[in-house]
Amino acid sequence: MYYPINEIFQTIQGEGYYTGTPSIFIRLQGCPVHCKWCDTKYTWKCNNEDQISYEKIIMKKKSNRKWSYMNVKEIILIIKIKKWTAKHIVITGGEPCLYNLLEITKELEKEDYKCQIETSGTELIKCSLNTWITLSPKINKKTLKTSILRSNEIKYPVLKKEDLFYLNSILKKIKNKKHNLIFLQPISQNEEALNICIKTCIIKNWRLSVQIHKYLKIR
């Protein structure tokens, strides 16, 4: 299977449960969610005029709308050519679950990688059983119950106090599932949002995710 790849790079995971973990990011093109505050708007559309060769994907220095169709063998080849040492792989987007991720996650596991998918939960999740699912629900799009139940952690973006109402409605749907890993993440390092997240995390015994890669000014 071929996937529309926007970029592949090695860095440190800056969000959620795996914060601080050396990771290889595989960013897929295409997203129907369109959050106003999204910091990867260049992944929204999969326009033919933006398609380039996969060799050029390797050379990308800056994030942009350019993408390339790549199969799993080509993706693994790039990782080996680059001699990247991280063993944790983050499949993100865009919305990666627009695509069937079963093949890519299984093949990467055969190469001794641990896979993580970052998803809004608006699409069916198709991946290996061992893949770690980071669910990031969005108020403007319905979150599938199957996605909520499959998730290993919920990483919820917060801008104002009212945003927490939607999270509470989601948690009610899975009241029979013990979900210890709930992260609140202030949007765009907004100070008011940060204070809301800190106070709520303390009250609820949830966790705080602050996107450390942005503070460290790394990719």
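Cβ atoms here come from the backbone N, Cα and C positions, even for glycine.
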*In Swiss-Prot, the substrate site includes Ile12, Gln13, Gly14, Thr92. Which of Arg27, Arg65 does it also list there?*
Arg27
*Please name which of the binding-site residues listed here, Gln13, Gly94, Ser136, Lys138, is nearest in space to Thr40 (Mg(2+) binding site), Cα against Cα.*
Gly94
*Taking the Cβ of Cys35 ([4Fe-4S] cluster binding site) as centre, how many other Cβ atoms lie within 10 Å?*
18
*If you measure C-alpha to C-alpha, which of Ile12, Gln13, Gly14, Gly94 (binding-site residues) come within 10 angstroms of Cys31 ([4Fe-4S] cluster binding site)?*
Gly94
